[in-house]
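Just below is one structure, and these are the notes that go with it.
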Amino acid sequence: MRRCCEAVGLPCLFKGVAMAGARPPRFLLVFDFDETIVDENSDDSVVRGRALPEQLRQSPREGSYNEHMQRVLAFLGEQGLRAGDFRAVYENIPLSPGMAELFQFLSKHHELFEVVLISDANTFGIEAKLRAAGVRSLFRKIFSNPAGFDRRGFLTLGPYHSHKCLQCPANMCKRKILTEYLAERAQEEVEFQRVFYVGDGANDFCPSGTLTAADVAFPRKGYPMHRLIQESQEKQPGAFQAAVVPWESATEVARYLQELLKRKC
């Protein structure tokens, strides 16, 4: 059972590692990245304005999207794009509406919220954007596809893991990641009173299905996660247990969390 702390001790100082004697955070807040933290799909941002060959212009209808992006990045490397070029693209992707305000709220209340990011983008792009936005220290963990530069200077991409979930792409099941993370934290004697999940995509619906009645799903309004939750609620009322709070601006998420803190739990 998730534990509700009666009091909050010393702050974590955003570092993702609690200070000695500090009480653990009361809440876990999980973010997606593409079209959630940032207002675009970062893969689209990377190729915008680039003349791709015909076979790379469209996402594959069959096969792995992760492998497709590996081929796209290899092509861009061949065209001369290097670390600085990619970093500039990721750093300049705009944040979603209200996201800066939500981050300000989380900075103010960092001792209460443990924040993690689970994304099917890539570690290089995510790290670049979060550092440019000045919010990297808010995140205890980032779970994403590994990316780095090889000897040629090409940005390379790999799959995050393998799994048996039939709903998710072969390279990443966010439900598996979230479930394993909660189990890991429980072993470390950190159990959260509530879990909040902020996302937009179809691959965010799978992990949000693990949330309990105490938790809250924040789907971006009108995006696939929101539509899938609505369909689930219509087909099987009560099957989706978490409260659902759609958002157009992340200030709505901050407002909900602020009201929650006023209620003490």
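Cβ from N, Cα, C; glycine included.
Under the heading Mg(2+) binding site, TrEMBL lists D32, D34, D200. All protein chains considered, the CB of D200 (Mg(2+) binding site) has 25 other CB atoms within 10 Å.
Annotation comment: TrEMBL describes D32 as active site, nucleophile. In sequence order, L117, I118, S119, V198, G199, D200, G201, D204 make up the list of same-chain residues 6 or more apart from D32 (Mg(2+) binding site) whose Cβ falls under 8 Å from its Cβ.
Feature annotation from TrEMBL assigns active site, proton donor to D34. D34 (Mg(2+) binding site): 24 other CB atoms within 10 A of its CB, across all protein chains.
For D43 (substrate binding site), the same-chain residues 6+ apart in sequence whose C-beta sits under 8 angstroms from its C-beta are D34, M69, V72, A121. Summarising the annotation, TrEMBL assigns substrate binding site to D43, D120.
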Any further residue of that chain within 8 Å (Cβ to the Cβ centroid of D32, D34, D200) of the recorded Mg(2+) site: F33, E35, T36, I37, S119, G199, G201, D204, R220, Y223
Neighbour tally for D120 (substrate binding site), based on other Cβ positions within 10 Å of its Cβ: 25
